[in-house]
Amino acid sequence: MKPIQVGLLGIGTVGSGTFNVLQRNQEEIQRRAGRGIEITMVADLDVARAQSIVGPDVKVVNDARAVIANPDIDIVIELIGGYGIARALVLEAIAAGKHVVTANKALLAVHGTEIFAAASAKGVMVAFEAAVAGGIPIIKALREGLTANRIQWIAGIINGTTNFILSEMRDKGLDFDVVLKEAQRLGYAEADPTFDIEGVDAAHKATLMSAIAFGIPVQFDKAYVEGITKLGAADIRYAEQLGYRIKLLGITKRTDKGVELRVHPSLVPAKRLIANVEGAMNAVVVNGDAVGTTLYYGKGAGSEPTASAVIADLVDITRLHTADPLNRVPHLAFQPDAMSDAVVLPMSEVVTSYYLRLRVADQAGVLAQVTGLLAGAGVSIDAVLQREADEVGGEGATSTDLIILTHDTREGTMNDVIAQMQGLPSVLAPITRIRKEELN
Ligand code: HSE
């Protein structure tokens with residue numbers, strides 16, 4: 001049978017990895033897919049560089065629309081990124097009857113509803129394994145491997161840049177700003193790292209997992225997003241003393257009231273496997289009612305790890321493209337007419353436990369005032385840690401850090417108590433609040 005023909009939009013790190021792995025493993029991939037898979041056309045603004053990667057036998061153009069317009073192309077891989085031109089091109093490819101493979105989590109988290117509806121109407125597939133956790137086949141696991149389960153919650157380290165920074169902060173006792181500069185110098189963080197360090201990239205990925213896990217539309221605008229920029233080395237040290245590590249987690253959870261969807265730094269018990277995921281690696285924990293807790297670990301970015309996910313999608317499409325569209329795996333795991341209308345909860349309704357760090361005057365009655373406010377709001381304390389003032393501020397210091405771990409509390413209640421604590425004259429600096437996830 002004639003090989004399936006693929007057009008590639010954008011040949012950067014992931015695109016060149018995809019081309020190389022497809023070439024290197026072509027015989028084995030063909031044995032799995034049932035027919036050959038060939039990238040026959042590439043669009044990239046830098047035509048000369050692209051041609052040098054793919055060699056003379058592949059047609060290279062600088063106009064992505066020429067790829068979409070080519071009637072011989074069966075599948076379009078979009079590796080341009082962003083919400084702008086990528087959205088237009090994906091919709092045009094769908095309209096032209098092409099299947100689409102994309103690694104673009106931002107595009108699908110924000111415009112997924114429109115894109116999946118267009119694809120369903122046209123009877124084509126939009127596959128996006130590479131959009132979440134790079135080489136880890138987490139979309140496949142959630143959508144197919146765990147299909148028997150009522151998924152209860154997912155918690156993932158789904159941004160390698162921030163996990164690298166947090167690992168370095170812990171290892172070397174350094175503050176965020178120092179480690180970020182070092183990460184940029186070493187090429188681990190982008191020149192503009194905003195999406196990574198502010199939690200946006202992780203929230204895009206959590207949004208996609210949430211939709212697949214619970215059969216709800218993609219709703220990035222409802223996600224709570226908090227990055228790691230305000231974390232200090234002291235918080236990481238105190239967390240360690242209490243038996244926890246701080247990780248940027250993407251969390252989505254089913255509750256009686258609706259679905260939680262949130263990204264923020266979290267204290268995780270140091271004994272959990274996910275707490276020990278270091279450097280730029282990714283890991284996702286999924287809890288299902290039948291299977292229990294499962295863990296998926298691997299490289300969340302990089303040329304060939306991400307290519308591994310792109311090619312898995314190419315193979316899936318190659319196997320399924322002649323199938324009746326109604327018999328294919330639905331884009332979001334659930335049939336489009338069987339989606340849930342469960343609401344994504346506002347952050348104030350989320351229930352979790354907390355780490356609070358208060359810089360307080362080291363004088364009589366302060367601890368009683370602070371704990372009195374917590375007791376008044378019905379917040380139960382799990383643990384308290386106070387260091388000697390000298391240890392925190394040096395010889396003769398008159399202030400110290402008071403660390404409090406709470407039991408589960410509604411976020412809205414905690415917001416009120418923190419505001420009250422902040423008003424105490426003995427509380428000398430903005431209070432640090434980090435959520436805590438036991439993940440058991
Ligand atoms: N920038 C992402 C990360 C990889 O640091 O994990 C692509 O999603």
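A Cβ is built for glycine as well, from the same backbone N, Cα and C atoms used for every other residue.
On a predicted model such as this, the values are computed, not experimentally measured, just so you know.
Database features (TrEMBL):
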- Lys205: active site, proton donor (ACT_SITE)
- Leu9, Gly10, Ile11, Gly12, Thr13, Val14, Gly15, Ser16: NADP(+) binding site (BINDING)
- Lys105: NADPH binding site (BINDING)
- Glu190: L-homoserine binding site (BINDING)
- 355-436: domain 'ACT' (DOMAIN)
Separation of alpha carbons, the residue listed as 'NADPH binding site' and Ser16 (NADP(+) binding site) (Å): 19
Spatial separation of Glu190 (L-homoserine binding site) from Gly12 (NADP(+) binding site) - C-alpha basis, Å: 15
Mean of the pLDDT scores, which run from 0 to 100, over the domain 'ACT' (355-436): 94
Additional residues surrounding NADP(+), by Cβ distance to the Leu9, Gly10, Ile11, Gly12, Thr13, Val14, Gly15, Ser16 centre under 8 Å: Leu8, Gly17, Thr18, Asp44, Leu79
Per-residue Cβ crowding (10 Å cut-off), top of binding-site residues Gly10, Gly12, Gly15: Gly15
Cβ-Cβ distance under 8 Å to Lys205 (active site, proton donor), same chain, at least six residues away: Lys105, Ala109, Ala131, Val132, Ala133, Gly156, Ile158, Asn159, Gly250
For Val14 (NADP(+) binding site): intrachain residues, at least 6 apart, with Cβ closer than 8 Å: Leu79, Ala103, Ala130, Ser303, Thr306, Ala307, Val310
Nearest recorded site to Glu190 (L-homoserine binding site) by CA-CA distance, among binding-site residues Gly10, Ile11, Thr13, Gly15: Thr13
Tally of DSSP helical, extended and coil residues in the domain 'ACT' (355-436): 28 helix, 29 strand, 25 coil
Leu9 (NADP(+) binding site), number of other Cβ atoms within 10 Å: 25
Of Thr13, Lys105 (the binding-site residues), the residue whose Cβ has the fewest other Cβ atoms within 10 Å: Thr13
Nonlocal neighbours by CB distance (under 8 Å) for Ile11 (NADP(+) binding site), same chain, sequence gap 6 or more: Phe19, Val42, Asp44, Arg49, Ala50, Ile53, Val54, Leu79
Number of other Cβ atoms within 10 Å of the Cβ of the residue listed as 'L-homoserine binding site' across all protein chains: 13
Where Leu9 (NADP(+) binding site) falls in three-state DSSP terms: strand
Other CB atoms, at most 10 A from the CB of Ser16 (NADP(+) binding site): 20
